[in-house]
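What TrEMBL says about this one:
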- A:12-35: transmembrane segment (TRANSMEM)
- A:42-59: transmembrane segment (TRANSMEM)
- A:65-84: transmembrane segment (TRANSMEM)
- A:96-116: transmembrane segment (TRANSMEM)
- A:143-160: transmembrane segment (TRANSMEM)
- A:189-209: transmembrane segment (TRANSMEM)
- A:215-235: transmembrane segment (TRANSMEM)
Amino acid sequence: MEILIQLVLSGILLGGVYALAALGLNLIFGVAKIINFAHGEFLMLGMYAGFWLMTLTGINPYYGAPLIAVAFFILGALFYTGVMRFTIYKPELTQVFVTLGLSIALQNLALMFWQADYRTIQTMPPGYASLMVGNINLPTDRVIAFGFAVAILTAIIVFLKTTFTGRAIEAVSQDLMSARLMGISPQKIFLLTFGLGIAITGVAGGVLIPSFYAFPSVGSFFVLVAFVVVVLGGLGSVTGTIVGGLTLGIIETLVGYFTPDLKEATHFVLLILLLAVRPHGLLGIKGAEKETLK
Amino acid sequence: MSRLSGYFTWKRADLAWALLLLVCTLGLPFAISNDYYVNVLVLMFLYAGMASAWNIIGGMAGQFSLGHTAFVGVGAYTSTLLYNYAGVSPWIGMIAGGLISMVLAVIIAFPAFRMRGVFFAMATLAFGETVRILLMASRKYIDVPYGLSINYEPGLSRMIFEERTSYALLTGGFLILVTIAAFVISRSYIGAYLRAIRDSEEAAVASGIAMRRYKMIALLISAFFTSIGGTLLAQYVLYIEPTSVFNMAISVDLPLMALLGGIGTIAGPIIGTAIALPLRDILLETFGQSAPGLHLVIYGIALIVIVILLPNGLIGGVRSLRNRFTSKPKPQPVPETAP
């Protein structure tokens, strides 16, 4: 029984992290209807940002998160104006290949600058690496990352539901044409969403680096995780991302405990089955998977 | 068969293209003597063949698969395992691999054909990865080494050759075979059906096309030929391991080459391969020494630029240029209608 509680709690912590890692992808998909295949690479860059922040300046990435957020917001805005702006009303194929091309370029850029070494940092002083709650052992860096996930997800939901700009983003994601008729400029919303999505992804990478290794191709692992979370929870739904992340985290931890070899396979089998049975996810809007920008 | 030939259309330019292809595949291997360039040629023929096979389901039918590495890997593994452990000639192993790939294709088609566009791509991508993970996990129960090497004993029945030229002829033959298959499909009623499905599934079904059946035909043919490409790759390199033949890079490369040349066309994948592979080689030669990965950074950026500037590939670009100069009445863009 105790082991089960331990597993489920670990799964929830992991799930929160996964939700945070996938949120940016879902936000951008919801608004611009683009699946960003370079999403994992932005997460990888975020991990390196956390790593170098700690190594070069000694700033703990937990405190440096706002810095990373600002830097990655600018990066996301550049990503939109420099690349994605040209693909926005183009066929899906163009979008897939532009983001795949970017993913190749970014991955190798990281290889060029930082070699293929596995890097990680220790943010906790020795002795504080894990929290004991009764007999249950929780790694501290995961708990903190989970805290970040909860805070950021809450902030995003509040932002989208209550502020004017947030509602404008929601409007564009629901119906571009009507939003435009209401005087919302889609270009500005796209710019903002890409900035926001990449900023969240960067912060996610920054708080993940203490518990995961950073290396140039780490993104291809996380992009698949993000796909699963997004499809599981629902395309274009922020609350869905939370549900999807938690579900995947718990399933993965449980499967990993019993058959460690097939841990990774659970992602993909889950993804295929879900896409087949319930392509709009647990909480997604029905038909979202068929939508494209018109 | 009569149905297949009934609607068949020939064009005057076909003969010229066929001659060009024959000259390239049968002439170039003898014309080039430099070993390094023959190596490039072999890989070009091989990838062009596999990209053409991908193009049948991905381009003509518009089902954008990102999981074709599963078929390449199954082709490579089936023939190699059969040869190493049972002494079966790769010529037979190649067909066996193709058949197993077709079975796999049926399995993935069941869920994947319910999706379209980028979701089909995601599902097939996950499928390719799953096959690799299952293979690696199965090593716990089956005693197979991580990497499989094929003993170098040249012989026609063993499909191992001393000269690279022979490999170039072999892969060239493969390219011709796939191109003929693609040509027959594209020009017969099947091709017309597939294009109808690609352009609008709703309209295709409404016109009475058995959509699932024709998507399935396209996928099966594509899987079969891609798998044969995998066998040829294994016979050329003589060493395979899970991460080399089950590699997402292969799944990405094949559609990429088709896209660069002109997706959905017969010549497109071949032209695209003839651009992309040498481009990567030249970049590697020029920038490979200065910093690791720099050549792929440039390659990635080049891709982005090409895809944005020429969304219909080189063939599409040439066509639109020709249309501009011959000042034909511009085809009116068909307004997209909501489903």
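Cβ coordinates are placed from backbone N, Cα and C, and glycine is handled just like the others.
What TrEMBL says about a protein is an automatic prediction, not a curated fact.
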Contact ranking winner - A:65-84, A:96-116, A:143-160, A:189-209 against the transmembrane segment (A:215-235), Cβ under 8 Å: A:96-116
Per Cβ pairs under 8 Å, the stretch of A:12-35, A:42-59, A:96-116, A:143-160, A:189-209 packing most closely against the transmembrane segment (A:65-84): A:189-209
Interface-richest range of A:12-35, A:42-59, A:143-160, A:189-209 toward the transmembrane segment (A:96-116), CB pairs under 8 Å: A:42-59
